[in-house]
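Peer 1: The structure under discussion is supplied below as structure tokens; questions concerning it will follow.
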Amino acid sequence: MTVISARHPALTAPRAAAGFTARPARRRLGLRRQIPFARLLGVALLVGVWSAGASAGLLDRRKLSAPWTVLSTGWQLLSDGQLLTNIEVSMQRVATGVVLGVAIGTTLALIAGLSRIGESLVDGVVQLKRSIPTLGLVPLTILWLGIGDGFKIVLIMLAAAVTLYVPTHSALTGIDRRLVELSEIQSVSRFAFIRQVVIPGSLPGFFLGLRLAVNTSWLVLVVVESVNATDGLGKMMQDAQNYGQADVILVGLAVYGIFGLLCDSGIRILERKVLSWRRTLAD
């Protein structure tokens, strides 16, 4: 009697079918997942180095006060109401200037971006203004408007308008020509074309310009508030300079930085909400 024994083949990994190759693992080329509070890590590192230098006695406290001294001075200014009063005045100036500047800059960008005649009339003037430093207009605006809040708001407005105009106009003129031709073929009305093509196409540039405009407005505010001002954060810092109070100057700089960071973060959040349809490396 013959016994037939079958030997089971060893289990092996399945081979790729003939004519096909194994697909390599996908390599991630974009940014990794977001780090919580990532924007504060650099600030924390800077404060840590500052604190270490102050503790080790490497810093001249007459020129660069320690972080805890700045905190103590800030709390004292906050308690006596001086800091809050100056913050309120500065916020009113920068808010008024930014609102007016955004309205003017957006209007000019639309005129120049949607009309050849408008571009011929507007773009050259705006580019000329870009070549003139905003702070170089301080003497002329004081001559025209006096030393009150008027010239400060006008300079902030001009800086915000020009800064917003450039990326917004660039986004408008950079809209794909094929989208325009497709809209013409579909006999889309001009209002629908602006609503469905122009606005979505220009929003990324608008939000970039808005972030830059707000940041520029804070920079201009620092300078204009130190020119014949009677109140505001810039005036507070100028008085501190005259009396050699480095801690008060650092308090003012910290307030400027905090409000600037909060404004930028708020615009970023709004941008992500409005442009939720867009997928980018940062997502």
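Heads up, the Cβ atoms here are built off N, Cα and C, so glycines get one too.
Pasting the feature list from TrEMBL:
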- 87-271: domain 'ABC transmembrane type-1' (DOMAIN)
- 37-59: transmembrane segment (TRANSMEM)
- 94-118: transmembrane segment (TRANSMEM)
- 130-147: transmembrane segment (TRANSMEM)
- 153-172: transmembrane segment (TRANSMEM)
- 193-214: transmembrane segment (TRANSMEM)
- 248-270: transmembrane segment (TRANSMEM)
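Looking at the shown structure, can you explain where the listed features end up?
Peer 2: Under 8 Å from some Cβ of the transmembrane segment (193-214) lie the Cβ atoms of residues 98, 101-102, 105-106, 109, 113-114, 159-161, 163-172, 174-176, 179-180, 183, 260, 263-264, 267-268, 270-271, 274-275, 278, all in the same chain and six or more residues away from its ends.
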Peer 1: State the non-local partners of the transmembrane segment (94-118) in its own chain: residues 6+ outside its ends, Cβ under 8 Å from one of its Cβ atoms.
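Peer 2: Tertiary neighbours of the transmembrane segment (94-118) are 126, 152-165, 168-169, 172-173, 194, 198, 202, 206, 209-210, 213-214, 217-218, 220-221.
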Peer 1: Please identify the stretch among 37-59, 153-172, 248-270 with the greatest number of Cβ pairs below 8 Å relative to the transmembrane segment (130-147).
Peer 2: 153-172
